[in-house]
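Input: a single structure, listed below in structure tokens.
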């Protein structure tokens, strides 16, 4: 099934502009619907899928920070952090409201689902944004860098907040302990991540022949350990934050030792791991869509909840981008790039059923946990499809006139210390930019 998902997803990408994520997830959903055998009923297969979902976050949350542009984030901190957090908060609360009103979910279940669906998936739209940037579209205000870095921080924010919310709801303990734990979880995760990341820089010596291998194993094994330990002790909010902060700390320190960000041996290993695990994640996640018990009314209400909250999110992202000095067309483009939901949602597709209380779960709780998976898979397929088509189709229209670098700007040299110098050199060296100058 995974092989078929990989083949179908990349075939779809090759002949259309649709992200392979859509094809992989859709293949899993079709296998669940058309194949009479349910592998989730096999304890061994179910256990394999369960433990794979402890590995996915380590790869995803390590790969992302190793590719962030910290100079850009420092120089545009307000723009990046506001775009990463405000739309997330609005959509999380909106999802809780609409699921409560339309589906009758208790508030805590709606908040739990909202903290999953509020995550954006920059991996779906960043390749398109980079391609547009290479053509001189969106280069003036560095739209590609904004989308990639703000989207990555949105994922980090999701991991921290979801871990806190999930542990506060499901971990059996006294209410006071839950509150204290929720307040401390993120700070504990930051402390652990910084310590482990600094250690990854100190040991082994930077010039050691086996430094790339040892550092990769160091970060990967530490991430796996904290994922299982955090889940076991009910400190889920610590795990994701610790893994991301570890990668951030290590990558920042390595950059000072001639291992450039996004171009060092460890980052390349995690990119390769992601190419291997990506079809597993999305194909197996699509398998959790169970349509046999769904009615047309249920499906319609699911869509209403997903897209009502999404529209409010897009409006928030548009206003945040506009408030940070982007043009109207650029702000519309940012709102479109904030549509896709994929990676975090796929990782957490079964978390509701896995986290249910062993004792005290009502029939309504079990039904809601099951519908969590259905809503998440539907959201992945539809929002990724719309987001990938929207950025590819509307990107050249929205960014062509307002954000192309003018010939005067292209011919004006920038200082090497400028955070835009790298993008300037890249844009200035492409055939499309030269053709644009020639046309002018």
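Backbone N, Cα and C define each Cβ position, glycine as well.
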TrEMBL annotation (transmembrane segment) - matching range among 137-157, 158-178, 179-199: 179-199
Proximity verdict for the transmembrane segment (373-399) and the transmembrane segment (301-320), three or more C-beta pairs under 8 Å: yes
Other parts of the chain folded back onto the transmembrane segment (80-103), taken as Cβ under 8 Å at six or more residues beyond its ends: 72-73, 109-111, 113-115, 117-120, 146, 149-151, 153-154, 156-158, 161, 301-302, 304-305, 308-310, 312-314, 316-317, 320-321, 323-324, 334, 338, 371
